[in-house]
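Features as listed in TrEMBL:
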DOMAIN    10-76  domain 'Chromo'
REGION    82-139  region 'Disordered'
Amino acid sequence: MAPKQDPKPKFQEERVLCFHGPLLYEAKCVKISIKDKQIKYFIHYSGWNKWDEWVPESRVLKYVDSNLQKQKELQRANDHYVEGRMRGAAPNKKIPAASQKNDKTKKNKQKPGAGEGTSSGGDPTHPPRKKRARVDPTVESEETFINRVEVKVKIPEELKPWLVDDWDLITRQKQLFHLPAKKNVDAVLEDYGNYKKSRGNSDSEFAVNEVVAGIREYFNVMLGTQLLYKFERPQYADILANHPDTAMSQIYGAPHLLRLFRIGAMLAYTPLDEKSLALLLSYLQDFLYLVKNSASLFNVSDYEVAPPEYHRKAV
């Protein structure tokens, strides 16, 4: 039997879009590495002088109109999410200097050298970099990215086995999560929102609404490119064909929502101050622990063996 050939790279020294944190950035594929049947690309981000890296193929998209539109959708979702966190953290207080700087940046339509979410606190050991002559409003500057704060959401120990089971059921046992879900993502988020609002004040109600809206937006934008296993893609294509005008949060359920927190990249970087960041983390952490106590959301019986004709499509 002839040995299996190495997979063929999809990209060859061309302009691409690459995921870094929750957003897509214009980049160029500089080099390719194939090791153990895995393809990696050495990516140079446009306009960033010192941030080149090796990334897996799953993080790279073709530079085409449909993906440029996705880049804009992610930027809008990120803006909505971040602004909501800032308002929710202190709705009646003066906006911190960092927030005011962000607002000014947006009003000036991204003056040269100012990226979305630029931090107001400079590092005295690193003098300001020279301003670029042209800044794309959908592309974050290198300085902005480096100054962002990393957000780590700790997944409860009780939920980790379910993530493993979810992976095993789909990738090894070749089963599919039954769609539409008995309880979709919108319903899960609504239950969480109602639970929190029944125990808080008007300020926390506003913050909860913003957290729920932000998670929903990220889920809908990221499902198709980041949250699915390869075996699920034909199912996803069928869903898109049969429900072209329906948000995926109305069709998919809790297991796919949990994957959003597992990958972390969607919520990885934010320009929030410490107080706003603490509020965001508390709500995300609380949401995960609420899910932990909802046994009905995670059930092996919600998966079904894929029929033979599906296997042919998934090859």
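Glycine too: its Cβ is placed from the backbone N, Cα and C atoms.
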| So what's the average pLDDT for the domain 'Chromo' (10-76)? | 86
| request: With DSSP as the reference, give the number of residues of the domain 'Chromo' (10-76) in helix, strand and coil. | output: 15 helix, 35 strand, 17 coil
